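Asks: Quick paste of what Swiss-Prot says about this protein:
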type     : residues                                                                          : note
ACT_SITE : Cys410                                                                            : active site
BINDING  : 52-53, Gln130, 176-178, Glu196, Arg201, 242-243, 263-267, 273-274, Tyr322, Gly492 : NAD(+) binding site
REGION   : 1-20                                                                              : region 'Disordered'
Amino acid sequence: MSNPRHNEREVRSPRGDELNAKSWLTEAPLRMLMNNLDPDVAERPHELVVYGGIGRAARTWDDFDRIVATLKTLNDDETLLVQSGKPVGVFRTHKDAPRVLIANSNLVPHWANWDHFNELDKKGLAMYGQMTAGSWIYIGAQGIVQGTYETFVEAGRQHYGGNLKGRWILTGGLGGMGGAQPLAAVMAGACCLAVECDETRADFRLRTRYVDEKTHSLDEALAKIDAWTKAGEAKSIALIGNAAEIFPELVKRGVKPDIVTDQTSAHDPVHGYLPLGWTVAEWRAKQENDPKAVEKAARASMKVQVQAMLDFWNAGIPTVDYGNNIRQMALEEGLENAFAFPGFVPAYIRPLFCRGIGPFRWAALSGDPEDIAKTDAKVKELLPDNKHLHNWLDMAKERIAFQGLPARICWVGLGDRHRLGLAFNEMVRNGELKAPIVIGRDHLDSGSVASPNRKTEAMKDGSDAVSDWPLLNALLNTASGATWVSLHHGGGVGMGFSQHAGMVICCDGTEDADRRLERVLWNDPATGVMRHADAGYDIALDWARKQGLRLPAILGN
């Protein structure tokens, strides 16, 4: 029997200004869906897997074909509904409604666990959408580079006087998200040793210039790190190995990194984490024929790695969970103090979220890198005093290789996003850009996710698990006229541990787009300021007042 999720075809997004659909509002999701499965973008495109273990763009290849065919014929007063990667309906709405509404991996809370999801997945009744995989706005490892860079820079400020020169970071995982870590570390001025069990992933990062070198030898990796740090160079190396083996070995040897974190796909104990002592081939085979054995062995191995991270923490080394739920897995395996070290958001990033600043991104549907160069320049023009952002854009231009359609990640917040969107739309209208731009973001944004072990960890008022906020975010983006809106469960940290929403809006150069952009790109980050103001953060309360937000129960206006 053939596998409906496997096909050897190669998918790439169309380029240029010629439409394959009836309008740019349907051409945009068509191109971004296809871009998610570009072999230069996706981790395992032949299996529809974009990143993050089994984060897929469509449920089956037949569903992919149906989505493509539907988008090509969708009218400007119709909306396509996608249920866990399957196109289930087309309904008449209106021209300012989203052209696509997506719900992925959502389960009633009592059944929101991997066992139940995997049972549904095996029957072909569900699809894991991760965050930007099933919502068609993944842009490769660049999508998390700036957030990781901001994290490392802030860690440097807090622990090392703002200077990471001569310092090094230990981490694990070089998948679609973790692959950003070596480059982010180097951009922040540090060296990086990244442990990866799957050599093909390390090779992918070498090919796209996200990591500088590769080795199979721990001794060689440490020697290079030592030489680079002594010389004040910022370089990175991928070590082929198992983090659950390497981290404890480093503790045993008394090796002391300057920062420790991890971005293995520990959120998925079957498909995301190689058990100690197993080969990758054995692991892949047993995922299909004995998933329970894989999960048991993987969880035990995670406990070993987290114990090593605790050992680093107890030795005074800054150590953070980078949002993959590995501490939770270790806790469930009996490691009672697994949460002794913090997550990266409460440790370093939350003040940005309080001002609605987060992973704003855009992609050039033309496929021409020059369109991104022009938008980079426009960002600098409109935000002339943000030298930190200018520095980021300069580094990104020099260091980041585009994957698939040219794109840019750029952390900006409430008060700036709508200005950039309107400027980009004007550039499309006057012909400065060769084709429309789409603007989206990661689901891990200021007001669009509830994830108690990641983004909403240790909220000031204890509201970590309240998931009304991403639901309201999705509803508001729908009402505001985003081009497509998504609502997912389980991204980043796995089943039962998160709910989150995404939006993408197309700058097609029209005046209608101006109105939609102004609404969406104001309201979307404003929900994040609202959420943090409601939790009692002074930065958010001050920013809400400065931006004139009307928050009756929070500001009394």
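Each residue, glycine too, has its Cβ placed from N, Cα and C.
What's the neighbourhood like for these features in this structure?
Replies: Shown in sequence order, Gln146, Phe360, Arg361, Trp362, Val379, Leu389, Trp392, Leu393 are the residues of the chain, 6+ apart in sequence, with a C-beta less than 8 angstroms from the C-beta of Cys410 (active site).
In the three-state DSSP assignment, the secondary structure recorded for Gly176 (NAD(+) binding site) is coil.
When Cβ-Cβ distances below 8 Å are used as the criterion, the region 'Disordered' (1-20) is approached by residues 27, 30-32, 34-35, 37-39, 45-48, 56, 59-62, 72, 124, 365-368, 404-405, 434-435 of the same chain, each at least six residues removed from its ends.
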Asks: Per DSSP, to which secondary structure element type does Glu196 (NAD(+) binding site) belong, with helix, strand and coil as the options?
Replies: strand
Asks: Which numbers of helix, strand and coil residues does DSSP report for the region 'Disordered' (1-20)?
Replies: 0 helix, 0 strand, 20 coil
